[in-house]
Amino acid sequence: MTTNYIFVTGGVVSSLGKGIAAASLAAILEARGLKVTMMKLDPYINVDPGTMSPTQHGEVFVTEDGAETDLDLGHYERFIRTKMTKRNNFTAGRVYSDVLAKERRGDYLGATIQVIPHITNDIKDRVINGSQGHDVAIVEVGGTVGDIESLPFMEAIRQLAVEIGRERAMFMHLTLVPYLAAAGEVKTKPTQHSVKELLSIGIQPDILVCRSDRMIPANERKKIALFCNVPEKAVISMKDVDSIYKIPQLIKSQGLDDLVCARFGINAPEADLSEWEQVIYEEANPTGEVTIGMVGKYIELPDAYKSVNEALKHAGLKNRLSVNIKYVDSQDVETKGVEVLQGLDAILVPGGFGDRGIEGKILAAKYARENKVPYLGICLGMQVALIEYARNVAGMEGAHSTEFNKDTKYPVVGLITEWVDSEGNVEERTESSNLGGTMRLGSQLCHLAKGTKARELYGSDTIHERHRHRYEVNNNLRPQIEKAGLKVSGLSADKKLVEMIENPNHPWFVAAQFHPEFTSTPRDGHPLFSGFIKAAGENARGELK
């Protein structure tokens, strides 16, 4: 299969929405019956985002095969059906690390290692290998045109377009067209300069996607086309909208997919966007609303919980409920008390690392349990629910995780030293293992117990969900906790590790060691989140039983 490439770059400022624009185009092409994949090339020197601060970089999205990747891959999976893998995201750090490893082994036979050709060749090889078997590959280059660190990536995609032929390659450039209220008009000069910068490194954009707070007037589009050397129909307006799921319709209405198909000589039927129309309808026509308290430690940057936020919204669509997320700093729960949790329809404690704010999360789990508020715990959110139950119900005073207190009398959560991965291989870790890439990662099989809420929600006795953690329930203390009434509703493939717990004496109290948010999509939702939001709605209406 011959693969065609669309290279996506950004100019003027960062955070323009390259990932959303690229994913929206991919969704339209997929709706035309094409097999589409996406890639994200990140110019930073970290080998992967796994050890980066969530408040700097946002969440780490985990793929089925266990890659710790950029959050844009989450957008990709929410917009298209293709599952991302470790081949769909790589960084400058990964490229340099591998090239240097080859140099140390002598693979280059004593050659002087340079950015061109060695680094650029490695980038090109990764793009080609990661896109095989697809009609179209949309390749997003992170950062902004003009950044020093992105130059090797820009040179690599320029070379690749020449090598595969311009009939198989397109460049789509996102740029900002600001509106100046004082002048009463949009300004095209930043776009012109951004394209000039792109031209200086040998790339002529084929499509310009212009970000603005309004549609770009026809005369300004004509001006952009003239001075940026693109056809007028290739100047696409991408105005601000109240939902990112409206973007596919917005760009399709301007013929972006037709431009792509014409360029690549693809004869494909018109896109059927009925599923996206249904999503937009559900979002615009809720029958009620709920307020979910998200108790975390990275709340200053909501993108740190991007997939959780989106999964809650998806569940709202399935229940025809508008979901309001109230971010609660877990340290505020410690200092101000559980009063900050009052008035919430449900409580969610997401994943996290480190002991800052941990007691606040434990208090949130206690508040939800005692006040019969629907509770969903994810990863660390399951562990704090278990710790709280052990302390206050099972009589294990001072129970804790060894992550936060190595000397606790009741280490109900401890470091996993061994587990079986999705392929049946035994993975081992110790406390001396590196931080990067050493967690239990990727999709794992989970057995659900009969008669549990988890089994009822999923409608199956086995599921596959994605993991990202180092600590697990201590099986030595598990019988004591179960005897006190807590139900283990999910177990790992070898039935040794606790994957889900729930409280049978509570209307809706479920927690999972895995990350269900990574597999939620706007079109399909996710059973765990859908059940959670349904319970929140019942609680809001006073109908929770």
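Backbone N, Cα and C define each Cβ position, glycine as well.
A quick note: this is a predicted structure, and the numbers were derived from the prediction, not measured.
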So Swiss-Prot lists Ser15, Leu16, Gly17, Lys18, Gly19, Ile20, Lys239, Asp240, Val241 for ATP; which of Asp65, Asp70, Asp72 goes with them?
Asp72
For the L-glutamine site, Swiss-Prot lists Gly352, Leu380, Gly381, Met382, Gln383, Glu403; sort out which one of Arg263, Arg470, Arg478, Arg523 goes with them.
Arg470
To which of Lys223, Lys233, Lys246 does Swiss-Prot also attribute binding of UTP at the site defined by Ser14, Lys187, Thr188, Lys189, Pro190, Thr191, Gln192?
Lys223
For the C-alpha pair, I'd like the distance in angstrom between Lys189 (UTP binding site) and Leu380 (L-glutamine binding site), rounded off.
48
Max pairwise CA distance, angstrom, over record-listed L-glutamine binders Gly352, Leu380, Gly381, Met382, Gln383, Glu403, Arg470:
14
Cα distance, Gly352 (L-glutamine binding site) to Lys223 (UTP binding site), nearest Å?
49
Measuring Cα to Cα, tell me the gap between Glu517 (active site) and Cys379 (active site, nucleophile) in whole angstrom.
11
Enumerate the residues of the same chain, Gly352, Leu380, Gly381, Met382, Gln383, Glu403, Arg470 excluded, that satisfy the criterion Cβ within 8 A of the mean position of the Cβ atoms of the recorded L-glutamine site; list them in sequence order.
Gly351, Phe353, Cys379, Val384, Ser401, Val413, His469, Tyr471
Fewest neighbouring Cβ atoms within 10 Å: which of the recorded positions Asp72, Glu140, Glu403, Glu517?
Glu403
